[in-house]
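A.B. asks: Pasting a structure below so you can have a look.
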Amino acid sequence: MLATLKSEESSGQLQLVEREDIDDDEDLFEAIDKLIAQGINAGDVKKLQDAGIYTCNGLMMHTKKNLTGIKGLSEAKVDKICEAAEKLVNFGYITGSDALLKRKSVIRITTGSQALDELLGGGVETSAITEAFGEFRSGKTQLAHTLCVSTQLPTNMRGGNGKVAYIDTEGTFRPDRIVPIAERFGMDPGAVLDNIIYARAYTYEHQYNLLLGLAAKMSEEPFRLLIVDSVIALFRVDFSGRGELADRQQKLAQMLSRLIKIAEEFNVAVYMTNQVISDPGGGVFVTDPKKPAGGHVLAHAATVRLMFRKGKGEQRICKVFDAPNLPEAEAVFQITAGGIADAKD
């Protein structure tokens, strides 16, 4: 059961603007068991589910090499399964008009700050990866906690009307932090916490396996947000030195590919935080230049890249570093007891 708004008026500063509601009942994916009606053996469908494939959309995102690696699925069976899936989902060409129509299923989740929402074109977008990088205490994790709550708001209040999955690689998730944020939005804290599933990852392999296990949950329940805080930390620990850099980047690319597929398969917003490293080529006019960790592999995976930095007091500054549909601009926001909010003069 999703969290409900309290009857009393919210004490938050956010101006909630109503918008045309989205049909939450509309199927955004085809369940894998629909293959049975297409003549696929129920036992083979079960093998796909055991391998973490729960939708026909997700099936078509796997290579035949990966599928034939599933125990009990021969090349002939895989060909038949893929042929059946192609009848249920269209992974071919569509017109630009159809692509525009498909974009209408995208939800933009409020950050809690009107200025930050406007910078992002309405909020954090589903079916996309939003990366926030910056130094410690720049507001990345605070935004993650605020999104845990705002995602559960109704869509006509700029929420996602869905649940949240949180993968924590640095031990920074604080459930007690959720309570005042939920109260600020006029929501029941207990219900909000019940709609967040949380896992602490300790190795990069553990982090990847946690992602694999999400498909089963997301195919059954309405999730709208996946948080990975932070995406790079365990890779920097588990791989050391230039000798392991190529292997690290390959494993990182595999994990990022999985994040992209989750975002598009289930129409969820993926919000991941990233660390920064020194940039020797940053220029002589910049004091202590920094750049996001992860290299080109991470840069190409993120749909929207945001650079966070500290302002005066509790104020923080967010800059659009890279995005396909947003201009390079900045917004000032503030960290409050109730989460991310507009900055006070």
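Placed from the backbone N, Cα and C atoms, the Cβ positions cover glycine too.
The annotation ATP binding site is assigned in Swiss-Prot to G134, E135, F136, R137, S138, G139, K140, T141. Taken from Swiss-Prot, the feature dsDNA binding site applies to R236, R242, R248, supported by similarity to another entry. The annotation ssDNA binding site is assigned in Swiss-Prot to R236, F239, R242, R248, R316.
Give me the lay of the land around each of these features.
C.D. replies: Take the CB of G134 (ATP binding site) and look out to 10 A: across all protein chains shown you find 23 other CB atoms.
R236 (dsDNA binding site) carries a helical DSSP state (H, G or I).
All protein chains shown were included, and the count of other CB atoms within 10 Å of the CB of R236 (dsDNA binding site) stands at 16.
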A.B. asks: For F239 (ssDNA binding site), which of these binding-site residues sit within 10 Å, Cα to Cα: G134, K140, R248?
C.D. replies: R248
A.B. asks: Which three-state DSSP class does R316 (ssDNA binding site) fall into?
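C.D. replies: Assignment for R316 (ssDNA binding site) reads strand.
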A.B. asks: Looking at the binding-site residues G134, R137, S138, G139, T141, whose Cα is closest in space to that of R242 (dsDNA binding site)?
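C.D. replies: Result for R242 (dsDNA binding site): the nearest of the binding-site residues is G134.
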A.B. asks: Highest Cβ count within 10 Å among the binding-site residues R137, K140, R242, R248: which residue is it?
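C.D. replies: Counting every other Cβ within 10 Å of each candidate, the maximum falls on K140.
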A.B. asks: I need the nearest neighbour of T141 (ATP binding site) among the binding-site residues R236, R248, R316, using C-alpha distances.
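C.D. replies: Out of the listed candidates, the nearest Cα belongs to R316.
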A.B. asks: Within 8 Å of the Cβ centroid of the ATP site residues G134, E135, F136, R137, S138, G139, K140, T141, which other residues of the same chain have their Cβ?
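C.D. replies: Here the nearby residues are Q142, T273, F308, K310, R316.
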A.B. asks: Cβ atoms within 10 Å, counted per site: which of F136, F239 has the most, among these binding-site residues?
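C.D. replies: Counting every other Cβ within 10 Å of each candidate, the maximum falls on F239.
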